[in-house]
Structures are given as structure tokens and as C-alpha cells.
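Right, one structure below, let's go through it.
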Amino acid sequence: MGSISNNSGSEDCESREWLPSGESPAISSAMFSAGVLGNLIALALLARRWRGDAGRRAGRGNSISLFHVLVTELVFTDLLGTCLISPVVLASYARNQTLMALEPERRACTYFAFAMTFFSLATMLMLFAMALERYLSIGRPYFYQRHVTRRGGLAVLPTIYTVSLLFCSLPLLGYGQYVQYCPGTWCFIRHGRTAYLQLYATLLLLLIVAVLACNFSVILNLIRMHRRSGRSRCGPSLGSCRDGSGTRRRGERVSVAEETDHLILLAIMTITFAICSLPFTIFAYMNETSSRREKWDLQALRFLSINSIIDPWVFAIFRPPVLRLMRSVLCCRVSLRAQDATQTSCSIQSNASRLTFVDTS
């Protein structure tokens, strides 16, 4: 996927059978290697966490976090997409043929375009499911405890795959069309001929907005939980703080910390996908008669593909110790302000309690 001649017209790109001279598979090979390695590392870390969580929680009867079930499904989706898409591009470079010429009747081109649209949509739907799970866990805890289960989380993956399959099969039924783009190593939805490309891009945008809205709501609820935990420190100072109330406060602080870690991880993945999807969205809404170049089309596809490479590395890099450090940095200013407010509030309540005690005595 090297440099592309700007003199090549769209019709030539759609019908060419041989790759232009000077094309190199270096970038595609690097992306494939990084994607496979990152996803395998992430799956190994998730498997280790699953075993550790199962061992620690066996005595308490708690199931493994539903959030990590969804993360595992996301990493599995990214790995599956990388392994099913990248080898087609590498085969094209190895034979010096375009996707149109790899298989008769454009089968390789159709397969590549369908797989790209399918896994991109499935990834965004997985991120939306993760954001919705966090929103229900924090914002609607009663509904979450009664209706959201680990078994339901296991059903998310086949449901998302079914929805993505139905939506991405529309070009195979005549609504939209897959075509080859320069330099001949990738195919996607035809630009400017039907509304399907704009519909696909709009769906991705709506999902991104929904994920951001869920994350924003979770942030507001976490701030409220943090303030409540700060105010609870001003509770009765006699025997009540030595029994169950202290345990409840510790549990609430642990809950806030765990939810904050999940939110940081989800926010990074969401921002990454939004950045990677932006060039594709611009590509989808640009007019066919604009001054766009084939190289811009290729860069938009690369950005869309990079997301499945970055996601597992985000999970592998942002381990619990790193998340705790980030949480401490992000919450430092809030904690200092809350501490001052709490000390002031506690002093007022303490003085009021003393005055009440003097009056009653």
C-alpha cells in the first residue's frame, strides 16, 4: 500500500487487475502483525483476569464482571476481523494482482468489502454495548441488578453479529454496491452512487454520539457517588462508625474506584474509534465531484482498520496499576476540593452537635 498515482481515474481503479509498480506490503504486514500480537496479548491478560476473579470470588458467589465479558467479546471480534481481512491484502501483494483478479466473479473484492463493513459496525456496536452496560450499572442500579446478567452479556456477541450481518448484506441484495479502490488492494461501498454509504456512516456517527452520551452520564453519576462518599465521612462519630457504616463506606469507595477504571478504559477506546472513524465519515459525505484523491480514500480505510489494532493494545497497556495512577491524577484536584469542603462541613456539623449536646444537658 505505497504511493498511488493521482492520474489514475476511478474507472481504472475499479477495473485494473495488476498492482502498480512500486507497491509495498510493508504497511499492511506491520498492521497485521501488530493486530494479531496485540489481540493475543489482550486475550491472554483477560484469561488471566478471569481465572483470578473466579478464584477470588468463588467463596462469595459473585460472577465475573460483565464489563470484562464484553471486553473479551470486543477483543475476540477485533482478532477475528484482523485474521479474516488482512491475509486477503497480503495475498494480493504476493501475487501482484488486485482483489478483482484474485478470484473470478469479483468474489475476493466482495468478500473484503463485506468483511470491512461487518467488523467495523460490529466493533462500534460492541463499544455501545459496553457503554450502555456502564450506564445501567451506575445510573439504573435497580434495573441492572434485576435484568442485566452475565448470561445476557454472553448473548450480546451473537446478537451484534446478527444485526451487523443483516445490515451489511444489503449491498449483496442490490441496495448499494461494492467496488475496488486504488491501488487495487481494497474494496468498499461504492462512493456517490447510492445512499447506502451515507447510511452506513450515519449509523456509525449515531453510535459514537450514543456512546459519548452514556459515558457523560456515567461521569456525572460517579461525581455524585464521590461527593456522597465524602459527605458520609461526616457521619456519627460514636459507635456507629465502628460497625457496618465503615464497611459500607469502604465498599462504596471500592465501587467508585472500579467504575472509574472501567470508564477510563471505555473512554479511551471510544475516543480512539471516533478519531479512526472521522476520516471515513468525511470520505462518505464528500461529493464524487470534489477534489478528493485516491490516496485520501486509502488513508480513510487505514484509519478505520487501525482501530482493531489499537483496542487490544489499549487494554494491554492500561493495566490496573496504570489505571489507578490515571485515576489518582484525574481525581486529585476533585479530591482536594472535596476534602476542603468535607472538612468545612464536618466542622460545622461537629459544632452544631456540641451546641445541641450542651443545650440538652
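A Cβ is built for glycine as well, from the same backbone N, Cα and C atoms used for every other residue.
According to Swiss-Prot, the compositional bias 'Polar residues' annotation covers 1-10.
For CYS109 (disulfide bond), other Cβ atoms within 10 Å of its Cβ number 25. DSSP gives CYS109 (disulfide bond) a helix state. What Swiss-Prot lists as disulfide bond is CYS109-CYS187, and the listing cites sequence analysis.
According to Swiss-Prot, the N-linked glycosylation site annotation covers ASN6 (among others).
For the recorded site, ASN96 (N-linked glycosylation site), the DSSP three-state label reads coil. Residues or ranges marked as N-linked glycosylation site in Swiss-Prot: ASN96 (among others).
Per Swiss-Prot, the feature N-linked glycosylation site maps to ASN287 (among others).
The region 'Disordered' feature in Swiss-Prot is assigned to 1-21 (among others).
Taken from Swiss-Prot, the feature region 'Disordered' covers 230-253 (among others).
Taken from Swiss-Prot, the feature topological domain 'Extracellular' covers 1-23 (among others), and the record attributes it to sequence analysis.
The topological domain 'Cytoplasmic' feature in Swiss-Prot is assigned to 48-65 (among others); the stated evidence is sequence analysis.
Same-chain residues lying 6+ beyond the ends of the topological domain 'Extracellular' (92-111) with a Cβ under 8 Å from its Cβ atoms: 14-19, 23-25, 28, 172, 178-180, 183-187. For 92-111 (among others), the entry in Swiss-Prot reads topological domain 'Extracellular', with the evidence type sequence analysis.
Across the topological domain 'Cytoplasmic' (133-151), mean pLDDT in this model comes to 81. Residues annotated as topological domain 'Cytoplasmic' in Swiss-Prot: 133-151 (among others).
Summarising the annotation, Swiss-Prot assigns topological domain 'Extracellular' to 177-198 (among others).
According to Swiss-Prot, the topological domain 'Cytoplasmic' annotation covers 224-262 (among others).
Per Swiss-Prot, the feature topological domain 'Extracellular' maps to 287-299 (among others); the stated evidence is sequence analysis.
Sequence annotations record features per position, and here Swiss-Prot assigns topological domain 'Cytoplasmic' to 324-361 (among others) based on sequence analysis.
Positions annotated as transmembrane segment by Swiss-Prot, on the basis of sequence analysis: 24-47 (among others).
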Key: Counts of helix, strand and coil residues, the topological domain 'Cytoplasmic' (133-151), according to DSSP   = 16 helix, 0 strand, 3 coil
Task = Only counting partners 6 or more residues apart, tell me which same-chain residues put their Cβ under 8 Å from the Cβ of CYS187 (disulfide bond).
result = LEU99, CYS109, THR110, PHE112, ALA113, MET116, TYR178, VAL179, GLN180, TYR181
Remark   = Here the 10 Å Cβ neighbour count for ASN96 (N-linked glycosylation site) comes out at 14
Contact call for the transmembrane segment (263-286) against the transmembrane segment (112-132), three or more Cβ pairs under 8 Å = yes
Task = List the helix, strand and coil residue totals of the topological domain 'Extracellular' (177-198) as derived from DSSP.
result = 3 helix, 8 strand, 11 coil
